[in-house]
Each structure stands twice: as structure tokens, then as C-alpha cells.
Amino acid sequence: MPSPIALLTAATERIERVDAEALLLHALDCDRAWLFTHGDIPLAAAATESFQALVEQRARGIPVAYLIGRRGFWTLDVMVSSATLIPRAETETLVEQALQRLDHASERRVADLGTGSGAIALAIACERPQAQVLATDNSAAALDIAARNASAHGLNHVVFREGDWYEALLGERFDLIVSNPPYIAVTDPHLTQGDLRFEPPSALISGGDGLDALRILTAGAPAYLRPGGWLVMEHGWDQGAAMRTLLHTAGLVAVATVQDLEARDRVTVGRCPGF
């Protein structure tokens with residue numbers, strides 16, 4: 001029977017080492033410390049076959065997050081499935097900007113539109129436990145994953161509703177509306193590359209220029225924000241200028257675009273006047 005290190009070495013001929021390690025840890029249900037202190041022991045046939053099957057799937061392009069069923073985001077280990085977008089590091093910029101505009105007052109109300117796995121809503125709820133957080137999505141399958149994530153992290157006060165964008169808010173108003181909506185143009189060649197090939201198109205594609213969902217969300221925001229409330233939106237690296245125009249057109253003030261850690265436009269914010 002091969003050892004963990006032998007399996008890992010063989011796998012790196014087909015896939016990236018970081019991916020191979022993640023898959024091996026998953027197949028063995030162990031941590032890195034165990035792996036590298038027991039790296040030379042023979043493995044059972046079942047564990048070997050499980051790992052090799054995962055490597056085969058990864059070699060075909062299936063994202064590691066879908067193969068192991070989870071992804072780290074913020075301080076959370078988030079369950080994901082093919083019904084949800086895979087949380088990405090750049091989206092932590094969105095969470096940071098939301099938290100900067102959300103104090104610890106218990107009456108603060110937050111809506112995360114298009115929550116997917118719930119990563120954004122749960123990160124905010126974790127950092128602002130007094131806030132009333134509502135997370136919405138038009139996918140029942142995604143909401144099921146999000147609710148399971150909330151339960152796993154003891155964030156059972158987060159409320160989930162099914163609905164398309166603002167229809168799920170039922171006319172309520174919020175101190176902060178946050179969203180990472182689809183913002184990729186239907187003709188974007190990146191859709192045929194990498195992990196994007198396997199993620200739900202409805203969570204990625206938004207019309208001919210990628211702005212359809214962003215237009216809906218910015219135009220509708222004033223009707224659902226309290227005076228002084230903030231809209232915080234993630235978007236593509238080349239959409240910052242368009243987003244600022246959309247927020248200004250919607251009547252929001254203090255409009256600004258924030259860059260991610262790679263110095264790319266990633267989040268645009270605006271405040272509802274009247275406060």
C-alpha cells in the first residue's frame with residue numbers, strides 16, 4: 001500500500017501541490033500535522049482509492065472546493081456545493097467595507113442579497129452579533145447550504161428568505177445592503193476557463209455587459225435603505241467607473257470605489273441621503 005507522501009508526490013504530476021494536499025487531507029480526514037508526521041505509513045486501499053478518484057476529478061478541472069465541500073472565508077469554514085458560488089479572497093474586501101459602515105448598535109439591520117453559501121452574511125453576523133441580518137437568494141438549494149452554514153457556526157439568528165433581489169425584502173428598510181451579484185458579461189472568455197466552468201451561471205453572468213444585476217440593485221436601493229444607510233456592492237475590476245455613475249444616478253451620496261489586495265477596483269459604496 002502506498003504512503004501519504006508517495007500519493008502526494010504522484011498526484012503533483014497531474015495537479016497543483018496545494019490542491020493535492022487539500023484533497024489528501026480530505027480523503028484521510030486528517031490535518032497537516034498528522035499528515036507530515038505519519039507520511040510514511042501505508043494507507044488502506046479505500047483511502048488510496050478515494051484520494052485517487054479526487055485527483056482524477058481535479059485533473060478534469062472540478063474545483064477543489066466542490067470536491068471537498070467547503071472553502072475558507074473570513075474566519076469561517078464555509079460549506080459549498082455546485083448550487084453556490086465559491087467564496088473568493090477578494091470578496092473579503094466587501095465584508096471589510098460593510099463592517100466599516102456598521103457599528104455595534106443592536107438595532108442595525110443588514111440585508112445580503114444573493115447570499116449563495118451565506119459567506120458574506122455570516123461573516124458580518126459573526127463580527128456584528130447584535131445586528132439583525134437577513135440573507136436572500138432566488139435559489140432554494142443555495143439557501144439550504146447557507147442555512148446549514150449558519151447552524152454549523154452557531155449563527156442561528158440570521159434570517160433566510162427566498163426571492164429575487166429586492167422582492168424578498170418585503171418593503172422593509174435597512175441600514176446596510178450588501179451584495180456580490182453576478183457581474184460577468186455573457187461573452188466573457190473567462191467563463192470557459194478554470195473554476196468558472198463549474199460554478200452556477202446564474203451566480204456569474206449578468207447580461208451583455210455584466211451590469212444587469214448591478215443596475216437593478218443600485219436603482220432599487222433608495223427604496224430599501226434607511227436615511228443614512230449604505231449600499232456596498234462587489235463588481236468586476238473594470239466596472240468601477242460604471243458603478244459610480246449608477247450610484248450617483250440612483251441619488252446616493254458619498255460614492256466611492258475601493259480596491260482589493262491586488263489593487264483592482266472591487267467594491268463601490270454609496271449612502272442614502274437624509275442623515
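The backbone N, Cα and C atoms fix where each Cβ goes, and this holds for glycine too.
Predicted, not measured: the structure shown is a model, and the values here were computed from it.
Over in Swiss-Prot, the protein carries these features:
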type	residues	note
BINDING	G114, T115, G116, S117, G118, D137, W165, N180	S-adenosyl-L-methionine binding site
BINDING	N180, P181, P182, Y183	substrate binding site
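Distance noted between the C-alpha atoms of P181 (substrate binding site) and W165 (S-adenosyl-L-methionine binding site) is 9 Å.
According to its DSSP assignment, W165 (S-adenosyl-L-methionine binding site) is helical. Of the recorded residues, G116 (S-adenosyl-L-methionine binding site) and P182 (substrate binding site) place their C-alpha atoms 11 Å from one another. DSSP gives S117 (S-adenosyl-L-methionine binding site) a coil state; it is part of no helix or strand. Each of the binding-site residues G114, G118 was scored by other CB atoms within 10 A of its CB, and the lowest score goes to G114. In this structure, the binding-site residues under consideration are W165, Y183, and the one with the smallest number of other Cβ atoms within 10 Å of its Cβ is W165. Comparing the binding-site residues G116, P181, P182 by how many other C-beta atoms lie within 10 angstroms of each C-beta, the top residue is G116. Neighbour list (N180 (S-adenosyl-L-methionine binding site), Cβ cut-off 8 Å, at least 6 residues apart, same chain): L85, T91, L94, G114, G116, I120, M233, E234.
In this structure, the C-alpha atom of D137 (S-adenosyl-L-methionine binding site) lies 16 angstrom from that of Y183 (substrate binding site). Listed in sequence order, R71, V78, M79, V80, T84, L85, P87, A142, I145, A146, N149 are the same-chain residues six or more apart from S117 (S-adenosyl-L-methionine binding site) with CB atoms under 8 A from its CB. Here the CA atom of T115 (S-adenosyl-L-methionine binding site) lies 11 Å from the CA atom of P182 (substrate binding site). Taking the mean position of the Cβ atoms of N180, P181, P182, Y183 as the substrate site, the remaining residues of that chain whose Cβ falls within 8 Å of it are G114, S179, I184, A203, L204, S206, A213, L214, E234, H235. Across the structure, Y183 (substrate binding site) and W165 (S-adenosyl-L-methionine binding site) are spaced 14 Å apart at their Cα atoms.
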